[in-house]
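Under the heading domain '4Fe-4S ferredoxin-type', TrEMBL lists 536-557, 563-592. The [4Fe-4S] cluster 1 binding site feature in TrEMBL is assigned to CYS545, CYS548, CYS551, CYS582. Taken from TrEMBL, the feature [4Fe-4S] cluster 2 binding site applies to CYS556, CYS572, CYS575, CYS578.
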Amino acid sequence: MKKLLTGNEAIARGFYEAGGHVAAAYPGTPSTEILENMEQYKEDIYCEWSPNEKVAMEVAIGASMAGARSLAAMKHVGLNVAADPIMTYAYLGVNGGFVFISADDPGMHSSQNEQDNRYFAKFGKMAMVEPTDSQESKDYIKEALRVSEEYDVPVLFRVTTRVCHSKTLVELGERTEVAKKPYVKNVGKFLAAPAHAKVLHVTLEERLARLEEYSNNSPLNTVEMNDKKIGIITSGISYQYAKEVFGNTASYLKIGFTNPLPFKMIEAFAKEVETLYVIEELEPYMEEQIKARGIKCIGKELIPNVGELNPDIIAKALLGREIRTIEGLDNLHDSIIKRPPTLCAGCPHRGLFYSLSKIKNVMVTGDIGCYTLGFTQPLNSMDTCVCMGGSISTGHGAAKAFKQAGEDKKVVSVIGDSTFFHTGMNSLVDVVYNKGNTVTVILDNRITGMTGHQENPGTGYTLMGDKTIAINIPNLVKALGVEDIQIVNPLNLKETDAALKKALEFDGPSVVITRWPCVLKKFSQEDKSEFGCELKKYKVNEDKCKSCKLCLKSGCPALSFDKYAKIDPDMCVGCSVCAQICPFEAIERVGE
Ligand code: SF4
Ligand code: SF4
């Protein structure tokens, strides 16, 4: 049976059909749906949201060591977090087949950078596989697991946003049960003491040589010979773009197994064609290696290494002409009103950021999540954002520097609940241990908001839908050594103002926890009993409105101004923040 699947759905299906046993991930665009779809196979596959990518990688590594076919999934920046265990696991090799997904985000649709993670495979001396569509995403997972077991190697399965989120037809198959391999204690293989690792490094180099032989004969690397004037070496989504531009007027070497590269194939292909192009997104990963072998080719001289490619960019760069595959896009660009991203109407973070915006002489260090939008106008309440979990430690460093220079400036670090569990906890330990004097605000909206409402250790539910212990953030913070802890309702501005004031006056590490569910969340039974959440809508009483525009400083997208302030009744969820801001009581509850 054929089905239209996204690349992410196909990866989950491929792992299921390949007899996969254990899968773990931390959500992150564009990889999130891999584990969301894995959940439908929970009868056969144990799957979990781990608190961060390093933990997910380690869970999958442990399962592989125990003999299970295992998978870890993450977005590209998540692999930075997980780099530590995987670099060593490449030395150790596997027991059960082991695949880890890096979903890269060229164009930074939802990321803080657009790093090209293919270099991780070369750097870490691991095998790498790159599918070009959903069918290959499913099929290549099976081959990747087979290669992992045959060559005793972890496999980096690299996809990009367009492969993850595009839908193509996929032929579904049945699950093949693969028995878990027996676990046999073997410290020489699985215990990375220096004496063992020195031996394992030699084995690793031998393994790479064998893998290059496999690469030259791999069914994942294919040649399509057409006109020989132009030859194209490509991989991943770039293959689809190249085919769209050149069709059958060029020959192709499509590389699906991209580390080690199939140099015998590449040399033979290069000899056959007159002009050789290497078409790849982001970095010249293949091109550099091909040129280093003395093979003449054209790549990044003409094709940009910034942002996503598309057929138009390739046609313009290599043929010097427009092909207009995205017809009418320019017209759309002109007619669509630009809408900068903003916190949702009724977002519980708005109250906190509004309160923060009124405080002078503070630096606010931010983190990764939808609340990063606290930096936007008119809230303008965030100064920095570096990486997941980094807000508390960058804030600590800044506060130490201010103190050392004798500057009277305090630091507030803001971090979401899931991000706090991810890597924020470690940083708070550092603040306590090193006698920091910052305010940490944990924005607990009872869910992992930005990636689309995945459960996390604080929500009380697992990925597989089981009820579990909800980690109590105030107790955890207390256990980490923080003495000054306040819990506030961020929709109550007076309460939030007072908590921030008290925390800023406290001498030592202080934590404010803002607790209110994400406005888009489907409430659990626990949410309903804790928050009630019967919010009523608000409207502006024009007789009382003095047109001072102060309410617009909330940044709520439901508010607009035309002579008087206005509230869009379809967008307003009745959080009451604007009503609290209005000094003239011109914003009133509807229905009372
Ligand atoms: S803050 Fe009140 S008075 Fe001022 S514009 Fe808004 S609704 Fe009108
Ligand atoms: S009450 Fe005001 S701030 Fe809250 S959602 Fe409605 S318009 Fe926006």
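The backbone N, Cα and C atoms fix where each Cβ goes, glycine too.
Positions of the features from TrEMBL, shown on the structure.
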| residue | record | DSSP (3 states) |
| --- | --- | --- |
| CYS545 | [4Fe-4S] cluster 1 binding site | coil |
| CYS551 | [4Fe-4S] cluster 1 binding site | helix |
| CYS556 | [4Fe-4S] cluster 2 binding site | coil |
| CYS572 | [4Fe-4S] cluster 2 binding site | coil |
| CYS578 | [4Fe-4S] cluster 2 binding site | helix |
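Same-chain residues lying 6 or more positions outside the domain '4Fe-4S ferredoxin-type' (563-592) and placing a CB less than 8 Å from one of its CB atoms are 345-348, 350-351, 354, 491-494, 519, 535-542, 544-554, 556-557. Comparing C-alpha positions, CYS556 ([4Fe-4S] cluster 2 binding site) sits nearest to CYS582 among the binding-site residues CYS545, CYS548, CYS582. Inclusion criterion for the binding-site residues CYS572, CYS575, CYS578: a C-alpha placed within 10 angstroms of the C-alpha of CYS551 ([4Fe-4S] cluster 1 binding site); this criterion is met by CYS578. The distance from the Cα of CYS575 ([4Fe-4S] cluster 2 binding site) to the Cα of CYS548 ([4Fe-4S] cluster 1 binding site) comes to 21 Å. A gap of 13 Å separates the Cα atoms of CYS578 ([4Fe-4S] cluster 2 binding site) and CYS548 ([4Fe-4S] cluster 1 binding site). Residues ALA345, GLY346, ARG350, TYR538, SER554, ALA558, LEU559, ILE567, VAL573, GLY574, SER576, VAL577, ALA579 surround the recorded [4Fe-4S] cluster 2 site, their Cβ atoms falling within 8 Å of the Cβ centroid of CYS556, CYS572, CYS575, CYS578, which are themselves excluded.
Each of VAL540, LYS546, SER547, LYS549, LEU550, ALA565, CYS578, ILE581, PRO583, PHE584, ALA586, ILE587 belongs to the same chain as CYS545, CYS548, CYS551, CYS582, is absent from that list, and has a C-beta within 8 angstroms of the C-beta centroid marking the [4Fe-4S] cluster 1 site. Among the binding-site residues CYS545, CYS548, CYS556, CYS578, CYS582, residues whose Cβ is positioned under 6 Å from ligand 1 are identified as CYS545, CYS548, CYS582. Less than 6 Å separates the Cβ from ligand 2 in the case of CYS556, drawn from the binding-site residues CYS548, CYS556, CYS582 in sequence order.
Each residue contributes its Cα atom, and for CYS572 ([4Fe-4S] cluster 2 binding site) and CYS548 ([4Fe-4S] cluster 1 binding site) those atoms are 20 Å apart. The number of other Cβ atoms within 10 Å of the Cβ belonging to CYS578 ([4Fe-4S] cluster 2 binding site), over all protein chains shown, comes to 26. By the criterion of other Cβ atoms within 10 Å of the residue's own Cβ, the least surrounded of the binding-site residues CYS545, CYS556, CYS572 is CYS545. With a 10 A radius on its CB, CYS575 ([4Fe-4S] cluster 2 binding site) counts 25 other CB atoms from all the protein chains. Summarised as a single figure, the pLDDT of the domain '4Fe-4S ferredoxin-type' (536-557) averages 96.
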